[in-house]
Amino acid sequence: MLLVLARHGQTEDNFQGIIQGHKDTPLNDWGRFESARLANALREIAITEAYTSPLSRASETASIALRHRPEITIHEHPGLKERGLGSWEGRRPPRSEPTPADAEGYESLTLRSKLWFDELLSTHIPPPPSATESKDRRSDQDADTIFVVSHGAWLSNFLRLLLSPAYDFKIGKHCNYKAPCLNTSISVVYCDYDHVKKKWAGVVQTWAYVEHLRDVLEKEEKVGIADDVGR
């Protein structure tokens with residue numbers, strides 16, 4: 001199974017450096033442009049399923065990104081929502097302030113991310129290869145490709161979750177896992193099920209890829225990720 005993860009396109013709050021969290025903000029025109037670029041980047045990928053955060057900046061990104069694939073239903077899942085930041089939402093990132101008591105803790109964010117991922121994994125266990133069929137051949141022909149749209153802090157935390165003792169995932173040889181998740185950046189995670197060990201393992205092959213924005217990247221790099229705060 002292949003996970004293709006993307007951060008949503010830019011919003012006006014992103015542009016202004018304002019924390020959004022659970023605040024439901026729409027894409028701005030630049031975010032829609034980025035999402036159209038994302039759609040072109042995905043055209044040759046054989047996506048079989050799609051999931052998105054229910055927040056409109058993510059769901060609109062998913063709709064634009066899959067505009068060439070009208071046969072795919074986009075499923076909204078609350079586990080993919082951005083970290084809630086309580087009274088920090090609607091503000092610029094604070095300096096030297098403790099995380100507000102009404103913000104969602106990273107334990108809660110990690111738990112709901114894990115519940116979503118475990119549910120996905122449990123429903124995508126492939127059939128074992130037959131005696132005459134190699135595992136590699138079956139994987140190439142029948143692997144599911146899952147497209148997921150979420151948020152900057154959610155994605156950064158999900159990477160930490162994948163690399164934690166809870167799972168058996170590793171960083172690929174040429175993967176720059178320290179790259180920031182800019183708007184509409186793409187990350188690819190290969191997931192492989194071992195029928196003998198009865199467990200999943202995998203490789204983070206690509207993290208925060210932005211080649212589809214190469215000619216406009218300077219503009220996007222100035223925005224950053226305001227919601228990845230309070231750790």
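If you go along the chain as it appears here, the first residue is 1 and each next one adds 1.
Heads up, the Cβ atoms here are built off N, Cα and C, so glycines get one too.
What TrEMBL says about a protein is an automatic prediction, not a curated fact.
Of the residues proposed, Arg57, Arg67, Arg69, the one TrEMBL records at the same substrate site as Arg7, His8, Gly9, Gln10, Thr11, Glu12, Asp13, Asn14 is Arg57. Asp13 (substrate binding site) falls within a helix when secondary structure is assigned with DSSP. With the fewest other Cβ atoms inside 10 Å of its Cβ, the least crowded of the recorded positions Asp13, Glu82 in this structure is Asp13. Here Arg57 (substrate binding site) is positioned 6 angstrom away from His8 (active site, tele-phosphohistidine intermediate), judged by their C-alpha atoms. Secondary structure at Arg7 (substrate binding site), taken from DSSP and collapsed to helix, strand or coil, is strand.
When secondary structure is read from DSSP and collapsed to three states, Arg57 (substrate binding site) falls in the helix class.
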